[in-house]
Structure formats: C-alpha cells, structure tokens
C-alpha cells in the first residue's frame, strides 16, 4: 500500500495510507464541485416530486413564482385533457419522460456522493422513492393515476443513470491513475 506524507503542526511529516489500488472511484473531484452537483441533485429531486404530484404543485409554485408557473403546469397537464380514442395507447413520450427524469436525478446524486457504497445506497433509496412517489400519485393527486408502466420507466431510468455514474467513476479513476503515474515519474 502506498503512503502519503502529510505535514503536521511541528513541521515533521506523518505517513498516511493512500487509497488501496483496485477498482473504485479514486481521487474524488473537489468538494465544491460535488457540493454544486449535490445541490443540483437536491433541486432535481424536489422538482421531480412536484412534477409527479403536479395537481398539488401549481398552487404552491404559483404563490412562489407567480402566473408563469401556473401556465407551465397547464401546458404539462394538457396531455391529460386530450381525448384519445379508446383503443389507442398513451404516447411513448410519457415513458421516456419518466425515464429521463430519473436518469438525471440518479446521475446528479451519484456524482455528488462519489463512493461505491454511497452509490448503492442512493440507487436503492431512489428506487424505493420513485415507486413511493408513483403510489402517492393515486392518493395525493386528483389528476394523476398510478401506472405500473410509469414505475417501470422510473426504475429503468435509475438503472441507466446508475450505469452512467459507474462509467463516470471508472473513467475518472482511470484518468486519475494515469495522471498520478505521470506525476510519480
């Protein structure tokens, strides 16, 4: 195991073990950037909750952001008021919207956490939360219905987001290893 020399108060140095070699996210990005991404992730989670429970959200958002928020929610909900022939299915865009929302949330949360255990815990938490939000639509939203297809889209989005984050972890770790190797020459 490699050791790093960290300065201590009296001017001497103390050996500290470096991260073990092997697969895993290493050389974390700066805290400030992870904090920024984490705040974006938190905002994305709040936006997702508001969007999925949208018939409650317009009133609260209108009081905070005015008439523009109300008009935005009316546009989002317009698809619910369209009369479709009985034999037609909902457009695939609804599935893609659910998937996309959870991809973005998962990527932002995963990049803010930057640890394997944290990523696993976040993925499980997001999966449970996405299903709970889908179920909450039936209870708390008057214009929304619980659909298994939406829950599947949510979970697929989390899975794709998880794959993206794992790819980012591995790519960052590979670049960090190369840079570390070049510096040690």
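Keep in mind that glycine also has a Cβ here, set from the backbone N, Cα and C atoms.
TrEMBL labels come from automatic prediction, so no person has curated them.
Looking at 65-82, 119-136, the stretch flagged in TrEMBL as transmembrane segment turns out to be 119-136. For the transmembrane segment (156-179), the residues of the chain that approach it from at least six positions outside its boundaries are 23-27, 29, 98-107, 110-111, 114, 116, 119, 123, 126-127, 130, judged by C-beta separation under 8 angstroms.
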